[in-house]
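Student: Sharing a structure, written as structure tokens. Questions coming.
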Amino acid sequence: MAWQSHESLAAELRAVIEERGAVAPEVALVLGSGLGAFADTIDDPVVIEFGELPSMPGSSVPGHAGRFVLGHLDGVPVICQQGRVHLYEGWSAEVVTRAVRSFAQLGVRALVLTNAAGGLTAGLPVPHLMRITDHLNRQGRTSLAPGEERVGVPYDARVAAALDAASRATGVELRSGVYVGLLGPSYETAAEIRMLQALGAQAVGMSTVLEASAAAVCGLAVGAISCITNPGAGIESAPLDHGEVVEAGQAIAADFARLLRAAVPRIRAAVDEPG
């Protein structure tokens with residue numbers, strides 16, 4: 001029965017949404033480490049703490065507030081997941097993907113996943129934003145329930161085009177590249193970074209890949225953005241530190257917010273188009 005737990009979470013969310021008079025969301029956003037402040041820009045916010053929902057576990061990672069925020073962005077009804085849970089916290093793939101699966105049950109049509117990630121390309125400024133074009137799942141887990149259809153590339157071309165259009169409209173630079181998801185929680189060694197570079201990845205982190213595949217199976221149009229908060233091990237001499245990851249996310253928060261605010265109406269319009 002575990003793979004049906006997202007239905008319980010959706011029912012719990014729906015009950016609170018109706019009780020508090022919030023509007024059913026059409027676009028969902030998952031906010032990664034250091035990026036949660038974007039939820040504070042939502043108009044008419046309705047906050048639901050993870051702890052209010054029996055089917056939603058809490059995150060133990062700094063920089064993850066552990067709540068849902070519903071409201072509007074430029075007139076578009078949205079739900080922001082402010083923080084996520086991870087495999088390295090001891091949760092199963094089903095639990096890690098439970099929230100994004102529940103969004104489809106609520107009627108959400110598009111999802112933007114975000115994360116903080118290490119950069120694998122030497123010489124690029126830190127922090128910067130990168131649209132994920134594809135991913136490598138090196139977590140040793142699948143997000144698919146028994147009998148579910150397999151997916152290839154989960155990232156939707158319409159959402160990608162909307163994110164790129166928002167980048168041009170706002171002047172916020174949005175690079176693009178391949179993200180690799182590892183199990184964590186330890187950071188990569190210099191040898192592992194060289195391996196990932198050889199595999200063709202531009203960013204590395206510990207989330208997103210399972211959520212993206214699960215959401216695509218559920219019929220959501222998926223996009224994803226990495227905030228490159230630090231160079232991978234061995235690219236520079238400084239040691240890696242999670243506190244610096246959170247600080248880097250906060251440093252680029254204004255650009256991140258401008259980009260997402262411009263992207264959300266474009267994403268809704270793109271997925272509303274027939275065909």
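Each Cβ is built from the backbone N, Cα and C atoms, and glycine gets one as well.
What TrEMBL records for this protein is below:
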type	residues	note
BINDING	S33, H64, R84, V85, H86, A116, S207	phosphate binding site
BINDING	E188, N230	purine D-ribonucleoside binding site
DOMAIN	27-264	domain 'Nucleoside phosphorylase'
Student: Taking the Cβ of S33 (phosphate binding site) as the centre, count every other Cβ atom within 10 Å, in any protein chain shown.
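Tutor: For S33 (phosphate binding site), the count of other Cβ atoms within 10 Å is 27.
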Student: What binding-site residues among S33, R84, V85, H86, A116, S207 are found with a C-alpha within 10 angstroms of that of N230 (purine D-ribonucleoside binding site)?
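Tutor: A116, listed in sequence order.
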Student: Look up N230 (purine D-ribonucleoside binding site) in the DSSP assignment and report helix, strand or coil.
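Tutor: Once the DSSP labels are grouped into three classes, N230 (purine D-ribonucleoside binding site) ends up as strand.
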Student: Can you tell me the CA-to-CA distance separating S33 (phosphate binding site) and E188 (purine D-ribonucleoside binding site), as a whole number of Å?
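Tutor: Computed Cα spacing between S33 (phosphate binding site) and E188 (purine D-ribonucleoside binding site) is 17 Å.
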Student: According to DSSP, does S33 (phosphate binding site) fall in a helix, a strand, or coil?
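Tutor: Its secondary structure by DSSP: coil.
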Student: Identify which of the binding-site residues R84, H86 has its Cβ surrounded by the largest number of other Cβ atoms within 10 Å, counting every protein chain shown.
Tutor: R84
Student: Which ones in the same chain are close to V85 (phosphate binding site), with CB under 8 Å and 6+ residues apart in sequence?
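Tutor: Same-chain residues close to V85 (phosphate binding site) (Cβ under 8 Å, separated by 6 or more) are P57, G58, S59, W91, V95, V96.
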Student: In Å, rounded, how far does the Cα of R84 (phosphate binding site) sit from the Cα of E188 (purine D-ribonucleoside binding site)?
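Tutor: On Cα coordinates alone, these residues lie 21 Å apart.
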Student: Whole-number Å only: compute the distance from the Cα of H86 (phosphate binding site) to the Cα of E188 (purine D-ribonucleoside binding site).
Tutor: 17
Student: Cβ-Cβ under 8 Å from S207 (phosphate binding site), same chain, 6 or more residues apart: which ones?
Tutor: G32, R84, H86, V96, L113, N115, G181
Student: Taking the Cβ of N230 (purine D-ribonucleoside binding site) as centre, how many other Cβ atoms lie within 10 Å?
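Tutor: So the number of other Cβ atoms within 10 Å of N230 (purine D-ribonucleoside binding site) is 23.
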